[in-house]
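**Q** This is the structure I have questions about; it appears just below.
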Amino acid sequence: MSDMKAIHFGGGNIGRGFVAEFLHKSGYEVVFVDVMDAIINALQQNKSYTVTEVGTSETKSKTIDNYRAINSKTDEDKVVEEIATADIVTCAVGPNILKFIAPVIAKGIENRKKDSPIAVIACENAIGATDTLRKFIEEKLSDSTKSNIQDKARFANSAIDRIVPMQDENAGLNVKIEKFYEWCVESKPFLPSQPPKIEGVHFVEDLTPFIERKLFTVNTGHATAAYYGYNRGKECIHDVLQDKELNEIVRNTLKETAHLIVNKHEISEEDQNQYVEKIIKRISNPVLKDNVERVGRAPLRKLSRNERFIGPAAHLAEMGAKYDALLGGIEMCLRFQNVEGDDESFELAKILKENSSSDATEKITGLERNHTLFPAVEEVVKKVQA
C-alpha cells in the first residue's frame, strides 16, 4: 500500500494510459474520479489494466494496478475525503469540463487534513488550463481558505503531448498509446519547496514556449491533416500524409507556425525545424491507425480564439506575417459539419446556417471584429456558407 496518493479526474484513455501510468510508475496510489458509470464500474471490477506502447516495430506493455475508482456523481463526499488527504490532483477531462470538477476539488481543499499543500495539475490540450481550473475553484472557496491558499494548494500549468489513437473495439480498460511522450509542468508554483516527484515529468520555469510550440505544431499539424483528410475522403492520418499534395499543405501550415514560434520564443529555427520533422514522422505512423474523424472531433473548440488555428493566425496577422496555409486549415475545419457522433460538428453547421458571415465569424472564433485577422477569416466563412 503506497503512502503517496494522487486523485485523477477523468478515466478516459489519456487519464488511464498516460497520466495514471506516470503516477503509478512514481509510486502513487491512483484514485480515479469520473461520472461515467461504465468506466467507474470497469475500474472497480478490474484490479489492473494494460498500457501498450505502439509506434515502433516493437510494442511494450505495462500493467497498471494499485488504483481505486469513485463515481463523483453518486459519491461526492468520498471524493472530498480523498482530496483532503491526497498529495496530487490531476485531470484530463477536456477544457470545457473544468468548471464542473472545480466545486468538488474546492471542497477537498477546504477540508485538507495534510500539512503540506496539494499539487493541482490540469493535463489538458489548452493554454493555462490549470489557471482556468484555479479560477473556478477559487470561486467556491471560503475567504479564509482563499487568503491562505498557498498553504493548502499549489497550482501548476502543464503541457502534455502523447497521441492516443483509436482503440481496439473490445479493449475494455486496456489502452494503446504512442511511445513518444512529453509532459512539462511549471516549477515556480512549488517554490520554495520542491515540485512533486513524478517520474518522466519535465519541470520548467517558463511553460509558455513549450505549450505554444506543442499546441501550434503537434495540434495544428494533426488537425490540419485531419480536416483536409476528412474533406478528401481519407480514412487515417497516415493516409493523408502519404498524399504528396496534402503532405505539402501540412508542411506549409507548420512553416507559418514555426515562423511565429521562432520569433516569439527563444527557439532557434533549426530546433523548430527538427521538432516539425519529428512531429510529421509521429503523425505519419501507420501503426497508430489514427482516424481523421477522431482527430477532427470538436471543431468549435479547435476554432476558438486561442486554439490551434486562430491562435497562431492572429499572432501572425499582428506581426504582419503570412498565414495563408492556416486559413486553408480554418476552411477545412469549417467544412467538418454534421459528422456522426460529434455534437460540435452539428452545432457548427447550425451556426453557419443561421448567422451572417460576420456574426458567425465572431461566434465561432471569438475574434474581435476590429482584429487584423477578422476580415480574412470572414471571407473564408462566406466561402463555406455559399
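Placement of Cβ uses the backbone N, Cα and C atoms for every residue, glycine included.
Quick paste from Swiss-Prot:
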type     : residues                                                                       : note
BINDING  : Ala6, Ile7, His8, Phe9, Gly10, Gly11, Gly12, Asn13, Ile14, Gly15, Arg16, Gly17 : NAD(+) binding site
ACT_SITE : Lys214                                                                         : active site
**Q** Just to verify: the residue among Ala6, Ile14 with the fewest other Cβ atoms within 10 Å, which of the binding-site residues is it?
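**A** Lowest Cβ count within 10 Å among the binding-site residues (Ala6, Ile14) is Ile14.
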**Q** Per residue, counting other C-beta atoms within 10 angstroms of the C-beta, which of the binding-site residues Gly10, Gly12 reaches the highest number?
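**A** Answer returned by the neighbour count: Gly10.
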**Q** Which of His8, Arg16, Lys214 has the fewest nearby Cβ atoms, counting only those within 10 Å, among these recorded positions?
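**A** Lowest Cβ count within 10 Å among the recorded positions (His8, Arg16, Lys214) is Lys214.
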**Q** According to DSSP, folded down to helix, strand and coil, what is Ala6 (NAD(+) binding site)?
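**A** Where Ala6 (NAD(+) binding site) sits, the three-state DSSP reduction gives strand.
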**Q** Roughly how many Å lie between the Cα atoms of Ile14 (NAD(+) binding site) and the residue listed as 'active site', rounded to a whole value?
**A** 16
**Q** What whole-number Å value do you get for the CA-CA distance of Ala6 (NAD(+) binding site) and Lys214 (active site)?
**A** 26
**Q** Between Gly10 (NAD(+) binding site) and Lys214 (active site), find the distance joining the two CA atoms and give it rounded to the nearest Å.
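**A** About 22 Å separate the Cα atoms of these two residues.
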**Q** Per DSSP, to which secondary structure element type does Gly12 (NAD(+) binding site) belong, with helix, strand and coil as the options?
**A** coil
